[in-house]
Amino acid sequence: MWLPFTQMSDYEKDPLIIASGEGVTVTDIHGKTYLDGYSSLWLNVHGHRKKELDEAIQTQLQSIAHSTLLGAANIPSILLAEKLVKLVPERLTRVFYSDSGATSVEIAVKMAYQYWQNKGLEKKTRFVTVSNGYHGDTVGTMSVGSIELYHKVYTSLLFDALVIPFPSVYRHPSGDENIVRDESLQELRLLFEERHEEIAGMVLEPMIQGAGGMNTMPAGYLKGVEKLCNEFNVLLIVDEVATGFGRTGKMFAVEHEGIQPDLMTVAKGLTGGYLPVAATFATEEIYDAFYGEYEEMKTFFHGHSYTGNQLGCAVALANLEIFEKEQLVKQSEEKSTFLKELLVNVKQLPHVGDVRQCGLMCGIEIVKDKHTKESFPLESRVAYRATLEMRKLGLLTRPLGDVIVLMPPLATSNEQLAEMVALMVEGIKAVTEESVAMDSIQQ
Ligand SMILES: *Cc1c(COP(=O)(O)O)cnc(C)c1O
């Protein structure tokens, strides 16, 4: 095998192979059990082997596993669409399925582009994105993404998006939320004033950027972006792939600021982490721009073989039922508050520069010097080594550069949250103390 986002020479040194899972733990082939501190890469919601989800798949199997959605519909996909439309912001009335976060964003981008073509505003072809944004690894989603480490090598392959800087409070000299927000919005306004006639849409992750380093937005920023998009006739595309389904303490992160996007994408948590199903939501206005006689050539010519897969939609439906039954969003909000208290101790560690959190999505940024915010040298891979240490201690997670991610399943108990944080602290301490010791030997 060739593993995703993995340097295989690293992996070979100590390969991890998972054999089973139960609740918020997974077990490897040697019988060692780990807490799933990254929700199996931000997917898992209710823990592994959730009875209702297992049963939903078994029940659906008695009817059919898959039939195509091209020119045909099926029962679970209809029921799921009906349920989803009731949950998302009210302007979003149409559901277009696919099978991963990347495809859901790729679809939103193509829809936004063709929307303006169909409306006869042919100059509106460009996209605005925020630095460090991440929307998937296909060529289209990399184009609207902006993470130098992942995207640089492909630069000449990508279409050229307009990038505005992320409003990072930690890295801003003022350290003041309001100043950072207002400056960033002013910059966006200037860009729109100058170029709105050529801009089709703006793409961003709401409230917190995931893969870009768990970067939280100043309060009011997202609302400000929405206002500017409305003012300048730019479609607002919100990527809820990571933040959706309770992860930030709301069903969707847009609810924190009452945002009504034109297009919105979901994937990861949609099936509770069981099967690959994604969705792109559109307003009725966008849907209408594609509606007409075939000869008008307004059709959205896009689809994937497994779009609307019945097993996937059935398990997604069961997932949403558990959200209702267990009042999971409320639980997530309460657990976030508990987690926030736990993280206060982490912030005290000598090499933790910043702790960022939005609900149950957290990033812990490791720095060499807390006062200057200077990083450890790239080759020391401190955050990566800290996660290896955590793995030894029985906690799975993955770093993003210098940032250690904690993103537990929503079903994690308070005791388990405390255990996860304690193991993180132990892992961080072991590696940062060692790095500092090595530094002073070299000096
Ligand atoms: C993970 C992620 C994606 C890509 O999803 P895949 O299912 O891995 O293709 C897109 N956007 C955001 C915000 C993500 O976190």
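Backbone N, Cα and C define each Cβ position, glycine as well.
Automated prediction, rather than curation, is the source of TrEMBL annotations.
Keep in mind the model is a prediction, meaning the values are calculated, not measured.
TrEMBL lists Gly101, Ala102, His304, Ser305 as pyridoxal 5'-phosphate-binding residues, and of the candidates Asp28, Asp176, Asp182, Asp239 the one it assigns to that same site is Asp239. Cα separation, Tyr134 (substrate binding site) to His304 (pyridoxal 5'-phosphate binding site), rounded: 22 Å.
Selection of the binding-site residues Asp239, Gly303, His304, Ser305, Arg398 by a Cβ distance under 6 Å from ligand 1 yields, in sequence order, Asp239.
Neighbour list (Asp239 (pyridoxal 5'-phosphate binding site), Cβ cut-off 8 Å, at least 6 residues apart, same chain): Gly101, Val105, Ala108, His135, Val203, Leu204, Glu205, Pro206, Met264, Thr265.
The Cα atom of Arg398 (substrate binding site) lies nearest to that of Ala102, taking the binding-site residues Ala102, His304, Ser305 as the candidates.
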